[in-house]
Amino acid sequence: MATFVSNWSTKSVSESFIAPLQKRAEKDVPVGNDVPIIDLQQHHHLLVQQITKACQDFGLFQVINHGFPEELMLETMEVCKEFFALPAEEKEKFKPKGEAAKFELPLEQKAKLYVEGEQLSNEEFLYWKDTLAHGCHPLDQDLVNSWPEKPAKYREVVAKYSVEVRKLTMRMLDYICEGLGLKLGYFDNELSQIQMMLTNYYPPCPDPSSTLGSGGHYDGNLITLLQQDLPGLQQLIVKDATWIAVQPIPTAFVVNLGLTLKVITNEKFEGSIHRVVTDPTRDRVSIATLIGPDYSCTIEPAKELLNQDNPPLYKPYSYSEFADIYLSDKSDYDSGVKPYKINV
């Protein structure tokens, strides 16, 4: 039976967690002082302008003064930390019986715990984390009842958080629409139907130089909002082929654009290639809310953005077919969309 990384007490790293040399993080990664930090309370025109530029240049940015209740952010982080501090037998309830949980389609909406990185069965090494994942929209009672009963406030707090984070995410998507010249609400349909919350726990690691909390990747969905309170997140600056550290800001959200949004914008906007490194002394919890299409969707560049000078860079494809490739083919960051790329 798999052991929770969060319950390990060890002075060495098991061989199964040792990353190949070419996939390991560099020793000294500089803080990315150029990562955009956008104040959502500033003048609307400037706000849209800054978000548009951040989407074009980085595919990742942080937002402050966003109106999300700060107390709710703190409460949610606290109950998530409390969950991972529970005894192993309590967390066992969220592991499928018989075999380790793996990310596969359709993603299970009910709460499931992924341990020892085993969702990456096609990788040659495991990631130093445990992940609690569950759906958050719509919030019907059956779904909420699948969430952890302990900590006692988990369901109440996370339900409130899920509603508020969706409001903020849809607001971000409308700012993106404005920057692209798309009608407001363009994404307020099946393109944003699925909402998953992935809470990642990265325990202290005896040898951070040989392990990863998460390898370099695009998110496959539309957009992700990430709450973090400690360093660990790093982004690849593609044009320079260098990694930078994304410094946490208390009560800020990191906004990651996914591969699906990159395709819909016909590459007007970038996606974010990012990874997570481990720490020798501190444990880290991050809360990621991923919003993306229903699996029945067809994905293609928005027709409103296409013309003779800007032809489509991708042919239409099934989101479920893409997701199968995305989850199974790790040969390149954008392997999931390569079969649909049009050479123009």
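Note: Cβ is positioned from N, Cα and C throughout, glycine not excepted.
Taken straight from Swiss-Prot:
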- HIS217, ASP219, HIS274: Fe cation binding site (BINDING)
- ARG284: 2-oxoglutarate binding site (BINDING)
- 193-293: domain 'Fe2OG dioxygenase' (DOMAIN)
Binding-site residues listed as HIS217, HIS274, ARG284, least Cβ neighbours within 10 Å: HIS217
Distance from HIS217 (Fe cation binding site) back to ARG284 (2-oxoglutarate binding site), taken between C-alpha atoms, in Å: 19
Helix, strand or coil at HIS274 (Fe cation binding site) [DSSP, three-state]: strand
Other C-beta atoms that fall within 10 angstroms of the C-beta of ASP219 (Fe cation binding site): 23
Additional residues surrounding Fe cation, by Cβ distance to the HIS217, ASP219, HIS274 centre under 8 Å: SER214, GLY216, TYR218, THR224, ASN256, GLY258, GLY271, SER272, ILE273, ARG275
For the domain 'Fe2OG dioxygenase' (193-293), mean pLDDT (0 to 100): 97
